[in-house]
Amino acid sequence: MIKNDELLTMLARHVTAARFRRIVEVSSLRTRYLAMVAEDLYYSQNASALLRSCDCFGIQDVHIIENRNRLPTINRHVALGTSRWLTIRRYRDRADNTRTALSALKRRGYRIVATVPDTDACSIHDFSLDAGPAALVFGNERDGISPEVREMADEFLTIPMCGFAESLNISVSAAIILSTLGDRLRRGQISWQLPEEDLAELRLKWVRRSAKRGTEIEEEYFRRFHRSIDLVESDVTEKDIPVGDQE
């Protein structure tokens with residue numbers, strides 16, 4: 001069985017040197033110490049902007065909970081193709097998708113941190129990153145987080161405000177929170193980087209997606225050398241994500 005580093009070397013020949021350097025650079029800044037959780041989003045612009053913010057601020061994992069609302073079609077002009085570079089997990093097949101998603105994250109060692117406009121919640125500037133990995137939960141545009149999220153949350157997080165408005169648009173809130181916490185995380189002493197095995201798998205996936213006919217080239221390589229195929233794929237493939245005119 002061919003190792004991932006051998007596959008990576010082979011596939012890297014089918015992308016430009018500049019693209020490969022960019023893949024190495026961006027992947028080295030990815031983290032799973034913080035994860036994005038979005039519950040019952042309704043508007044495609046917001047869903048698209050959330051994905052774009054996750055990519056911009058180095059958050060690799062996005063968990064989409066779909067109880068009442070299905071994930072809207074991704075607006076390519078807003079998302080700019082960023083769903084290709086993210087690991088997206090969708091929870092949509094159970095009556096209790098919220099509990100299923102949050103319970104799974106808790107088992108993986110995440111604190112469930114609900115984002116709210118409440119003035120008595122913890123400020124993003126005072127939030128403890130040292131306490132462990134955090135799954136940041138954002139509710140939908142109209143109702144915010146659900147009662148289930150409030151019940152299961154370990155902590156509550158807010159953006160301090162000084163105007164008449166009591167809340168921000170969800171995509172704006174997400175960008176501010178991810179930017180602030182991401183910057184604090186990378187400036188601190190916490191080991192936030194991806195483990196070596198995860199990093200290698202991510203780079204392989206990205207190179208495969210960047211190369212023209214990447215998967216076909218890989219399969220042909222295995223056929224020619226009579227090797228068994230061990231493709232490393234994400235939990236959710238591109239075709240499983242409802243995107244409009246994916247780049």
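Glycine residues also receive a Cβ, built from the backbone N, Cα and C atoms like all the rest.
Quick caveat, the model's predicted, so the values are computed rather than measured.
Just one of Thr100, Thr115 is listed by TrEMBL for the same S-adenosyl-L-methionine site as Ile159, Leu168, and that one is Thr115. For Thr115 (S-adenosyl-L-methionine binding site), the same-chain residues 6+ apart in sequence whose C-beta sits under 8 angstroms from its C-beta are Leu136, Val137, Phe138, Gly139, Ile145, Phe156, Leu157, Thr158, Ser173, Ala174, Ile177. The record assigns Thr115, Ile159, Leu168 to the S-adenosyl-L-methionine site; their largest pairwise CA distance measures 11 Å.
Neighbour counts of Cβ atoms within 10 Å were compared for the binding-site residues Ile159, Leu168, and the top value is held by Ile159.
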